[in-house]
Amino acid sequence: MAWRLTVPELQDQLQCPICLEVFKEPLMLQCGHSYCKDCLDNLSQHLDSELCCPVCRQSVDCSSSPPNVSLARVIDALRLPGDIEPTVCVHHRNPLSLFCEKDQEFICGLCGLLGSHQHHRVTPVSTVYSRMKEELAGRISELKEEHRNVEEHIGKLVNNRTRIINESDVFSWVIRREFQELHHLVDEEKARCLEGLEGHTRGLVASLDMQLEQAQGTQERLAQAEQVLEQFGNESHHEFIRFHSVASRAEVQQARPLEGVFSPISFKPALHQADIKLTVWKRLFRKVLPAPASLKLDPATAHPLLELSKGNTVVHCGLLAQRRASQPERFDYSTCVLASKGFSWGRHYWEVVVGSKSDWRLGVIKGTASRKGKLNKSPEHGVWLIGLKEGRVYEAFGCPRLPLPVAGHPHRIGVYLHYEQGELTFFDADRPDDLRTLYTFQADFQGKLYPILDTCWHERGSNSLPMVLPPPSGPGHFTLGQV
């Protein structure tokens, strides 16, 4: 027996009289007509009286309407696999050769001229396909560029990680070399410093590993997105256009490009290489340095008002000028005096007792700096000083002067000179086991440097207390020595 109905014509016979769509969960009324379950539910909810069949107008009871199982099976059998839409217009039986840009659906020529799409922007399917193909190619190109950027970022992270580890290895060697000179007295401190360094390095490497893992994850997602999008390019025209926008958006959203730019992590250890020993000295109550001869003051440089005593280790400003030869090395205006020993290399530490003086200055001066007239107290003139003014203001003499936030009133000032490193550091040395930094000058030292003391004017006796270069003391105190 031959079939007289085509599939589209059969679909017309399988439309619900209410929604005019193919039946969904069809129910059969007592009169024999069928309707979608949702259509009957909606219709019965809006009626105050009993329901009548929309086709034959017979009164029916929806609550006793059974499912039309046979009709449902016929509909399921006619439905295409994967629920793929047809390529022929269901209304006009013409090929779906156009695409409505507003409604985002395929239409035929008559739909665009006479149907609901006649005032919409329509484009040939081939044109839409070409346009979307170009968009896909552009997105793939962008993903490839992002992929290259991520690869470059990963390379920088790997190099940064390697550099951190190498610098850590170098610094670890420096620590071991320094601690070998301290022998058994610093074994415990060496273990502590190495542990701190390793922890610092682990933290930096862990941070870089985390960034590396994130970047590699992004790289993998970009590669997957790139592969999925490239596969879309092999689909048929209709399949490609139908799934392009949704699939492309989903894949690209899951593969967001790496945010930010590469920012390298610098290896900055808590200890400066040159200060390892100094830090250990603080912890070991300054017992590790030998005690060479202490500094002495040079009378030939002292201002005429200055009086030296106790083997040229104590100086104070007197009321009357002393009769002294006016020689080039002597200060004739500023109340200053130099130590007899200067330094042109190495690392050195000494202390000065300032007691309760209300005004004082100390530091180092170039041997060639002028000592005649008012002293130019600035690094530009070869003078590096800190001091106390009127018992209240601590300051570093730079350009301009810099007030120093000093806690309390230190009676003993430590001075640490690292000639090659170009560092001059001042400490509050009141407590033997705790050197608190007051200020550090950074400079390119040239020529011999001499410790300098400036007692400042006696102010009619109110500032007449002495400044003292303390002699070598027992194991509880640091003494002058070359590091």
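Using N, Cα and C of the backbone, Cβ positions are placed for all residues, glycine too.
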Zinc finger per Swiss-Prot - which of 84-125, 294-335, 336-377, 420-461: 84-125
Given ranges 33-66, 203-236, the stretch to which Swiss-Prot attaches the annotation coiled coil: 203-236
In the chain carrying Lys372 (N6-acetyllysine), residues 6 or more apart in sequence that have Cβ under 8 angstroms from it: Pro328, Phe331, Asp332, Tyr333
Residues of the zinc finger (84-125) by DSSP state, where helix covers H, G and I: 6 helix, 11 strand, 25 coil
Lys372 (N6-acetyllysine) - helix vs strand vs coil (DSSP): coil
Counts by DSSP class (helix H/G/I, strand E/B, coil) across the zinc finger (16-57): 9 helix, 9 strand, 24 coil
Intrachain residues whose Cβ lies under 8 Å of the zinc finger (16-57), provided they are six or more past its termini: 64-68, 71-72, 75
